[in-house]
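If you look up TrEMBL, you'll see A:6-31, A:38-58, A:64-84, A:96-116, A:136-160, A:190-212, A:266-285 marked as transmembrane segment.
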Amino acid sequence: MSSLILPAVLSGLTMGAVYALVALGLTLIYGVLHIINFAHGSLLMLALYAAYFLFVHMGLDPYLAIPILLPVFFCLGYVLQRWVIAPMSGGSEQNVLLVTLALALIIDNLALYFWTSNTRSVDIPYAYNTVEFLGAYLPLGRVIAFFAALAAAPLLWLFMTRTRTGSAIRAVAIEKRGAEIVGIDVNHTYAICFGIGTACVALAACLLLPTFYVTPQVGYTFVLVAFTTVVLGGMGSLPGALIAGLLLGVIESLCGLFLGESLGQIGIFTAFILILLFKPSGLLGRRAA
Amino acid sequence: MKPQSMGQAVLIALALIYLASLYFMSSPVWMGFTINALIVAVVALAWNITGGFGGMASFGHAAMYGTGAYASAILQVQYGINAWIAFAAGIVAGAAMGAFIGALAFRYGLKGSYFALVTLAFAEVLRICASSFAITGGGSGLQLRLDPGLSTLQFNDRTVVYTILLVIVALVMALTAWLKYSRFGAYLIAVRENEDAARALGIDTYRIKVKAMAISGAFAGLAGVLYLQVWLFIDSAVVYGSAVSIEALIGPIIGGAGTVWGPLIGTLGLHLLGEGAKHLLHNAPGLNFVLYAVVLICALRFLPQGLMGLAGRIGTFRKKEDDNA
């Protein structure tokens, strides 16, 4: 059994890196807009389909689809926040939650209607070439996803701390009224932030597709894992989301190993309930519920 | 429960006329459809206690609904216990699950989106558990043996089932109305409006909120048991699935959260709309949920108090500060 633990941990880490990437977008949106975006998983599902169709119809490798899908999903996120979520919710926290839930329902069910519930995956043989590491054999696609997700987190961090837009986003997050007074366009900044969060999802989708599958329901599973990651890491904390994502990937993998494949996700949701109950401020969060 | 304006009276009358007309239509299709809508209306009424009066929007009422259904099914299928006892046990199980989730969540001061997420997570944990263990029938679910009769609470005649459901919905609504105008209801509404002020006035807000979750859980458990007794089959996706939780909250929000008639009217209206769309679009799967979601977004933007709130502004009977029926 012990010989199985290390491979399980490593495989959990590679999955966890993707969880972290999805959660980075979600935690960024939460940290700045203070909204929980229920449609986050549905946008991931949409990005997975986009990458899938680019591969099937145009033969575009999912990794090469990144420069196309990143800006497209940035714009999608921008438009959604600026012209749908913000005006429709009227600013109340509960309404934002409900509007994003409604968006998730619309996206998921339209996907079900147009693309049916068939499970689809792309056939990229090299993604399953194995890489040996410490006696564990990992698919190349997962290893690429791991390092790409790890690279994305510091890039996002640099963007937030070193650029003018990043400073504006942080200013709006801390003091909305004050940011407005010094001339920052708050609605524009909110939408940019939502766009970046959505672009993270597009990146995650391109990294995920070669070794994963896509169905219209896949978003729902991911959104719950992403919530857990965000809450565990501390709402709004980027480094927290990274650590929490990796941790949850390992928890899921180990639960799957010890309790059986179908119960792997139980570990994640139990962790979620426990964190929400005992430490809602998360590992690295400063603000309590 | 009395309408306070011409608009609300018309809305309620329309709902009652529709429900009464089924006795004369003798259409099994409409009957089956409305039976489903009434079961959903009971969960919607359950959600309304916490989400409407208490201002605690749950995203996981399936947790209590499914627990009620599974408790009753396990007792009947695995232990051969009488359906009446199992029926009561389902309600108690729903209440216990509601109180448990509430006690845990409120103990640590969770509210708003945190509360919504923790309820959702509970429903999801229960769904995965129910699909994995032998006692719940695992992935294949539980099936009641077909044995119509009063002692098994199974009825062949759809009209009888429909009448029983109408009586139960009326009872739940009467209880809701009674709660609303009771001391407990006043406390609960005080908690929704300003929890700190309520506590400052000496209200034990924690107890009130847990009690509301228990009552809501009992109603949701009741709805789950009704589903089981009507369709005789449950599995984890059907009773613990997110669709239950979503339908539980959409109806009251569209009909008017925190009103007695709102959940029933919202649920009936939505189901009629969904059914109509199904016929127009040739049974396309999932499109009724797209429609619900669009209606939900529009309601949040344009009808903050739901249909009852809108109707309440049309032809007001008398000046009154509280315009919810």
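The backbone N, Cα and C atoms fix where each Cβ goes, and this holds for glycine too.
Non-local neighbours of the transmembrane segment (A:38-58) in the same chain are 22, 25-26, 29, 65, 68-69, 72-73, 76-77, 80, 97, 100-101, 103-104, 107-108, 111, 115, 120-122, 124, 197-198, 201-202, 204-206, 208-209, 212, 214-224, 226; each lies 6+ residues outside the stretch with a CB under 8 Å from one of its CB atoms. Comparing A:96-116, A:136-160, A:266-285 for CB pairs under 8 angstroms to the transmembrane segment (A:6-31), the maximum falls on A:136-160. Under 8 Å from some Cβ of the transmembrane segment (A:190-212) lie the Cβ atoms of residues 18, 21-22, 24-26, 28-29, 32-33, 37, 40, 43-44, 47-48, 50-52, 55, 62-63, 65-66, 69-82, 85-86, 121-122, 124, 127-128, 139, 141-142, 144-145, 148-149, 152, 156, 159, 165, 169, 172, all in the same chain and six or more residues away from its ends.
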